[in-house]
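The active site, proton acceptor annotation in Swiss-Prot covers H179. Per Swiss-Prot, NAD(+) binding site is recorded for V17, D38, K43, Y69, G83, A84, S105, A122, T123, N124, S147, and the stated evidence type is sequence analysis. Swiss-Prot lists Q86, R92, N124, P125, V126, D127, D152, T153, A154, R155, T233 with the feature substrate binding site, giving sequence analysis as the kind of evidence. Annotation source Swiss-Prot lists beta-D-fructose 1,6-bisphosphate binding site at R157, H172. The phosphotyrosine annotation in Swiss-Prot covers Y224 and rests on sequence analysis.
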Amino acid sequence: MKNGGGNRVAVVGTGFVGSSYAFALMNQGIADEIVLIDANENKAKGDAMDLNHGKVFAPNPTNIWYGDYHDCRDADLVVICAGANQKPGETRLDLVDKNIAIFRSIVESVMASGFQGLFLVATNPVDILTYATWKFSGLPYERVIGSGTILDTARFRFLLGEYFDIAPTNVHAYIIGEHGDTELPVWSQADIGGVPIRKLIESKGEQAREELERIFVNVRDAAYQIIEKKGATYYGIAMGLARVTRAILHNENAILTVSAYLDGLYGERDVYIGVPAVINRHGIREVIELELDDNEQKWFQHSAATLKGVLARSFAQ
């Protein structure tokens, strides 16, 4: 991180997610400087112009411009949103081969600038590409973060809030594991106002359990539904990225479900995967190890094994 002065965020990739993220940063007044970098220079120029025209309405002054990888040298945070998009019918893991080569070029270019900050990865499959960013950058793993299951957890809390007619900010529940088809809900640790969700429904019988299972399925499959309807997801993840950015730049020590490196916790090693972690200006201060029940532990192991299988194929030497 820079000593003194304002903070700088470099956004690599100004497609739907990158431009929505920059918009969220400006609207919330999170960053002092935002530099937009894209292979399509005109797109980055256009986004910078468009965002600058709204500065008069922003809560805080923000310096926004289009730039190149040299601008990453003084960045506190580089957020990678570039890569091939998920198409209808594709899983996130289908994008691996398309995006690893792209990431090698991006990360090597960022590091060549003299960058000494943190990486935040948004591109799918995010757990795999966060691992790739760590490998290609040579940075300590706590300084490389993926968006993980932050959006899945937000979707989960939103739908549970609707079901129980409670503000989603008062629903405490996590989705962990792969940001994708093998993710899992941690029902054993889910509560509203300190009351376990399982206890809230125990008098309602099998129907309530089935309704909660449908809520999880809708969380897991939300991206497929949105992509089928509008071609891409970007607003929700942009706000999730802004939340992680705020935790970093404001040194919040906030607990967020990000893609973090495991080195023994949850019984797993050498994998980036979605888990609750404490986030501050140094990156991941620590990973929170939830107490999972037996079924959740087996499910999590399956999710980690799925990611490790992809990593083994992608990084075989």
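Backbone N, Cα and C define each Cβ position, glycine as well.
Taking the features listed in Swiss-Prot, we show where each one sits on the structure.
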{"residue": "V17", "record": "NAD(+) binding site", "contacts (Cβ under 8 Å, 6+ apart)": "C81, A122, T123, A232, Y234, I237, A238, L241"}
{"residue": "K43", "record": "NAD(+) binding site", "contacts (Cβ under 8 Å, 6+ apart)": "T14, G15"}
{"residue": "G83", "record": "NAD(+) binding site", "contacts (Cβ under 8 Å, 6+ apart)": "G13, L95, K98, N99, I102, F103, T123, N124, L129"}
{"residue": "S105", "record": "NAD(+) binding site", "contacts (Cβ under 8 Å, 6+ apart)": "none"}
{"residue": "D152", "record": "substrate binding site", "contacts (Cβ under 8 Å, 6+ apart)": "I175, H179, E183, V219, R220, A222, T257, G274"}
{"residue": "R157", "record": "beta-D-fructose 1,6-bisphosphate binding site", "contacts (Cβ under 8 Å, 6+ apart)": "P168, T169, V171, H172, A173"}
{"residue": "T233", "record": "substrate binding site", "contacts (Cβ under 8 Å, 6+ apart)": "A222, A223, I226, I227"}
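A gap of 7 Å separates the Cα atoms of V126 (substrate binding site) and S147 (NAD(+) binding site). A C-beta separation below 8 Å, combined with a sequence spacing of at least six in one chain, links A154 (substrate binding site) to P168, G236, G240. In the three-state DSSP reading, K43 (NAD(+) binding site) counts as helix. The DSSP secondary structure for H172 (beta-D-fructose 1,6-bisphosphate binding site) is strand. For the recorded site, V17 (NAD(+) binding site), the DSSP three-state label reads helix. A C-beta separation below 8 Å, combined with a sequence spacing of at least six in one chain, links S147 (NAD(+) binding site) to L120, V121, A122, V126, H179, I237, G240, L241, V244, V258, S259. Between the C-alpha atoms of Q86 (substrate binding site) and the residue listed as 'phosphotyrosine', the distance comes to 9 Å. Neighbour density at the Cβ, taken as the number of other Cβ atoms within 10 Å, is lowest among the recorded positions H172, H179 for H172. In the structure shown, the C-beta of T123 has more C-beta neighbours within 10 angstroms than that of any other entry among the binding-site residues Q86, T123, N124. Around the Cβ of Y224 (phosphotyrosine), the same chain contributes P88, each under 8 angstroms and 6 or more positions distant in sequence.
For V126 (substrate binding site), the number of other Cβ atoms no farther than 10 Å from its own Cβ, over all displayed protein chains, is 28.
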